């Protein structure tokens with residue numbers, strides 16, 4: 001829980017200082033990418049070749065501008081590269097070698113694969129083949145380690161960001177939901193912002209982030225919208241996952257159909273966090 005709590009505090013501190021929602025979600029996700037506990041940046045899982053390929057997205061709810069990268073290698077903070085795609089190119093997504101070339105053109109430091117890989121990731125790579133990883137690490141309703149953030153700033157602007165290393169032993173070049181607008185994340189000032197986690201192929205099939213936004217457009221609260229969309233994904237494609245959601249009015253939720261999902265939020269200067277279903281800690285006191 002340490003990582004998500006720190007990310008929430010740092011993101012909120014930026015918002016309190018007058019930073020934008022985009023600044024806040026990028027900063028929060030960078031903290032999580034730097035934490036080897038999570039499957040993003042440092043700590044990312046390995047593909048079938050024992051290499052690290054990273055995906056990330058960031059989206060600005062004010063303009064619907066977005067930036068994404070997929071299958072990028074040797075980058076510590078993919079979310080920052082995704083933001084550069086959004087702000088410094090005419091494109092929305094760059095992939096593979098092209099994303100790495102763009103990173104080099106920006107002077108982003110290249111890090112070795114070994115710097116990104118943890119011993120746990122190595123052991124998991126040796127233990128699971130891809131099909132086993134999906135069934136044992138995803139469809140068994142286990143917790144997922146994709147990281148994300150949503151925020152609303154003082155001007156009412158919304159943003160989301162999501163970052164991941166994917167699934168252990170994935171095929172080289174596999175792209176999941178994370179960098180795809182409407183699947184791994186979505187932000188629209190008129191409705192809300194969403195960041196998702198879970199089995200990427202399942203999330204892609206139901207465009208989970210946009211589906212949650214759709215239910216909010218129809219009048220559902222963030223919590224009910226997320227519950228309805230996650231239930232649909234579970235019933236329609238047998239996929240488990242989770243989402244953090246915030247509305248244009250600042251109402252937020254963290255929902256999941258996995259056994260656990262670590263989350264944290266700053267609400268009126270108070271830190272809230274949880275891990276298990278129905279759990280919400282506030283300054284050390286649990287409420288259900």
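A Cβ is built for glycine as well, from the same backbone N, Cα and C atoms used for every other residue.
As given in TrEMBL:
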- 146: active site, nucleophile (ACT_SITE)
- 174, 175, 176, 177, 197, 198, 199, 200: substrate binding site (BINDING)
Distance from the residue listed as 'active site, nucleophile' back to residue 175 (substrate binding site), taken between C-alpha atoms, in Å: 13
CB contacts for residue 199 (substrate binding site) [other CB atoms within 10 A, all chains]: 24
Residue 175 (substrate binding site) - helix vs strand vs coil (DSSP): coil
Residue 198 (substrate binding site) - helix vs strand vs coil (DSSP): strand
The residue listed as 'active site, nucleophile' versus residue 174 (substrate binding site) - Cα distance in angstrom: 15
Nearest-integer angstrom distance between the alpha carbons (Cα) of residue 176 (substrate binding site) and the residue listed as 'active site, nucleophile': 11
Length of the line joining the Cα atoms of residue 200 (substrate binding site) and the residue listed as 'active site, nucleophile', in Å: 10
Mapped DSSP class for residue 146 (active site, nucleophile), helix or strand or coil: coil
Rounded distance in angstrom between the Cα atoms of residue 199 (substrate binding site) and the residue listed as 'active site, nucleophile': 10
